[in-house]
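Here's the structure we're looking at; comments come further down.
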Amino acid sequence: MLINKNLKIGIVVEYNPFHNGHIYQLNWIKNNYPNSKIIIVMSHKYSQRGEIICMPFWKRKLWAKKYDVSKVLKLSTRKTIQAAHIFAQNAIQKLNKEKIDILVFGSESTNDSLMLKIATFIKENKEIYNQTLKKNLKGGNSFPKANFLTLKELTNEDFSLPNDILGFEYIKQIVENNYKIQPIAIKRSVGFHSEEPSDEFASASLIRKMLKDGRDVSKYTPVDLKQIPTKLLIENTFLKFKKYILKTPASKLKKYLLVDEGIENLFKKNILLFDNYHDFIDACVSRRYTRSKIMRTYLCILLKIKK
């Protein structure tokens, strides 16, 4: 652990919404590094998974400042709605420019030393890593699945939990670019997409689900949240999206960010069969395309973000 001088400590966040788990993380930093300056890089309007964030940026920034965050950096939509390794690259680059000393992230396993060891192994054995990854991609696997299988094959380690995936990608960026940043994983209060609360903690996805169901979330967040405004529910964009897909040739859809590997044809085929967002997304998910990939690509077309 670094000597507690006036350190700069970075966190990659979405705060979708801001809740007690985030307060726990910020308090942990303040307790362990009382003289530190906390710098966060926060997604703007949309999450890495391709959903609309349920609190406006300014409000999330306000709550972060209330809990002693010194500086809030904005991660643009283009840089946010990317696969984990590209999202991590964009976020860590931004924090490195701020000359942070430590990166803190929540993790299911908290084994940052093992993650560092494996990231170093990958850097030193790029050829065999890339060959194995290519083999697993050719087997019809999505990139995250192929990456997971490759790591399992080469190191016999399992990084399949959502926050371990992101945490590992952060560490890979630090190692690959020789950033002078010490990564520290702290135990998450609840799982990333956990459907069960724990004492005063609930995952952001569970809080959003509770808000949609009209349930009280005051036990899990200091923010006065009663419901998610309809304009911030991604499912309410489906009619607009459907009209656009129906009238737009596949060749034009290919010009949008993340539209590759024939995904434009898949969208054209399935759009005729479904009348709501969730059924459409479900139908597009396959061994080749993860749910997150489909959701992010949907958003790129909806927002007309070009390559």
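Placement of Cβ uses the backbone N, Cα and C atoms for every residue, glycine included.
Owing to the predicted nature of the structure, the values given are computational and were not obtained by experimental measurement.
Record features (Swiss-Prot):
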- 12-25, Gly106, Asn163, Arg188: ATP binding site (BINDING)
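Shown on the structure are the features that Swiss-Prot records.
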residue	record	Cβ contacts under 8 Å, 6 or more apart
Val12	ATP binding site	Ile40, Val41, Ala88, Ala91, Ile92, Leu95, Leu103, Phe105, Leu166, Tyr170
Tyr15	ATP binding site	His22, Met42, Ile53, Met55, Arg60, Trp63, Ala64, Ala204
Phe18	ATP binding site	Met55, Arg60, Trp63, Ala64, Thr221, Pro222, Val223
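Just so you know, the Cβ of Tyr24 (ATP binding site) picks up 16 other Cβ atoms within 10 Å once every protein chain is counted. Cβ contacts within 10 Å of Gly21 (ATP binding site), excluding its own Cβ and spanning all protein chains shown: 21. DSSP assigns Phe18 (ATP binding site) to coil in the three-state reduction, outside any helix or strand.
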